[in-house]
Every structure is written in structure tokens, then in C-alpha cells.
Amino acid sequence: MVAKILDGKQIAKDYRQGLKDQVEALQAEGYTPKLSVILVGNDGASQSYVNSKKKAAEKIGMISEIVHLDESTSEADVLNELKRLNEDDSVSGILVQVPLPDQVSEQKVLESINPAKDVDGFHPENIGKLYIDQQTFVPCTPLGIMELLNHADIDLEGKDAVVIGRSHIVGQPVSKLLLQKNASVTILHSRTKDMKRYLKNADIIVSAVGRPGLVTKEDVKEGAVVIDVGNTPDENGKLKGDIEYDEVKEVAGAITPVPGGVGPMTITMVLNNTLIAEKMRRGIE
């Protein structure tokens, strides 16, 4: 068996065209979605990622700005900048690029974002709504994973899904989204004993721990769907996933590559959530 490759680049491209059409329809009514990103410091990876978001937003007709603050910026000044964006009626969505410098509390900053502009879906109010099945902003990587599965017409009902990783960014929210689709979900983590026992029985595997080569061909049953969220750079700067891609694709039914799988969908869902935020505050269905 040769796995179906879930090409996140192409799926994201198609999805963004639909978003572009919706942005144009909004503009015809006099509204243009605006995404504001706060970046504190000069971390190279963060700068690259923020620039990718800005470019992607502008490509579909949105306005995007990067509020770049110095590495030494105090927590109070970051919160003041956030307050300004919360109150700015031209801003549809806000996200704060993490990690933040040590002097700035990530939790305090994320809790200070207006929940109606929280396009990353990390505000406690939005996380809470997700867990009681209310409409809310969903974290972008889990949402992107679900769109990949949906695009590939993968039926999740009654399937055994294993999620490796329990972070609030990916592992826990994607587990909740899989539950909403009536999958039976098991979460594995660093204290799990005999991880392979769970993997071998899984119909769906989502790995999001940043450990290259964690999942091998021997761990995966034939026909399983394998989603790789890992993106760890090796000594040459090449991104490696958690899955041994070349060997696992020989047995999997479908698999995401790294890079080019989940990553493009994450940025696309930032745009999706920004569009939703603009529609919600304008009372547009």
C-alpha cells in the first residue's frame, strides 16, 4: 500500500481562494478584515513565521500589520499595546507571537486579548467554549488538521484515534475536535507506558511532540491515517517530523509530509478565524 499524500500546500491554496472570495464580498459592503500581530524581540523563527502570516493575509486582500516591540519591552508596555489593539475598531483579529521574553507573562498576555479578536483561540473563554461545544475560535493547528481530514473525506465516526502530545496548543484541542466527530480518542504523553501498544491499534494518529522519528513503520497498522505536526530542524536546518515519513507512507492509508502538510493549514486557519471575527463583529452571517 502506498499512502495518499495529504498535500497541505495545495489544500491550503484552494482554501485560501475561497477566503479571498469572501474577503472581496466583505469589501463590497465596505469592510476589510485586518490582522494585527504583536512580535516581541528578534527571534528568527518567530519573525519568519509572522512575516508568512502577514504575506498570506495580504495575498487574499486583508490588511495586516506587525507590531514589532523590542526584546526588552516590559510586560506593562506589551499589555498597553494589546489594549490599544483591543479598542481599535479597524482591527478584526489579534495574535501574539510566542515565545515571549522572560519578563512578559504569556498567560497574562493571552488572557488580555479581547476574546472576540482572539484568532489564535488561546483565550480561556474560547478554550472553555470549545470544551462545552459552543461556537468559538478554535486553535489554528488543530482546526487545520480537521480541515485536512475533511478535505480527504476521512470518516472519523467510530474510529480509534491516538493523539501524541497533550499541549493546550495542539494535543488537547485536536482531541476534543476528534471527539466532536465521534472518534474514540486516546491521548499519549511522556508518562505513557508502552506507547506502541496504543499506536498499533489506531485508525488515526496525530503526533505533536517534536521528537523526530518517534513513530516508525512498525508502530502503524496498515491503512491508518497519520498526521505529523512535528517540525524540528536538524543540524542542517531541515525540518523533520515526528513520523519516519519514507517508511510509514508504505503502510499508511494517508499521511502528511513535513514540511508542506499541517504547516500551511495552520496559517490558513489564522486567516479563516480573522475573517470570521470580522463577520461576527459586523453582524454578517
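From the backbone N, Cα and C atoms, a Cβ is placed for every residue, glycine too.
What Swiss-Prot records for Gly165, Arg166, Ser167, Ser190 is NADP(+) binding site, and it gives sequence analysis as the kind of evidence. Sequence-distant contacts of Arg166 (NADP(+) binding site), defined by Cβ-Cβ distance under 8 angstroms and a gap of at least six in the same chain, are Gln172, Ile187, His189.
The Cβ of Ser167 (NADP(+) binding site) lies under 8 Å from the Cβ of Ala208, each on the same chain and at least six residues away in sequence. Maximum intra-site Cα distance, NADP(+) binding residues Gly165, Arg166, Ser167, Ser190: 11 Å. Within the same chain, the residues at least 6 positions away from Gly165 (NADP(+) binding site) whose Cβ sits under 8 Å from its Cβ are Gly171, Ile187, Leu188, His189, Val206, Ser207, Ala208, Val209, Val229, listed in sequence order.
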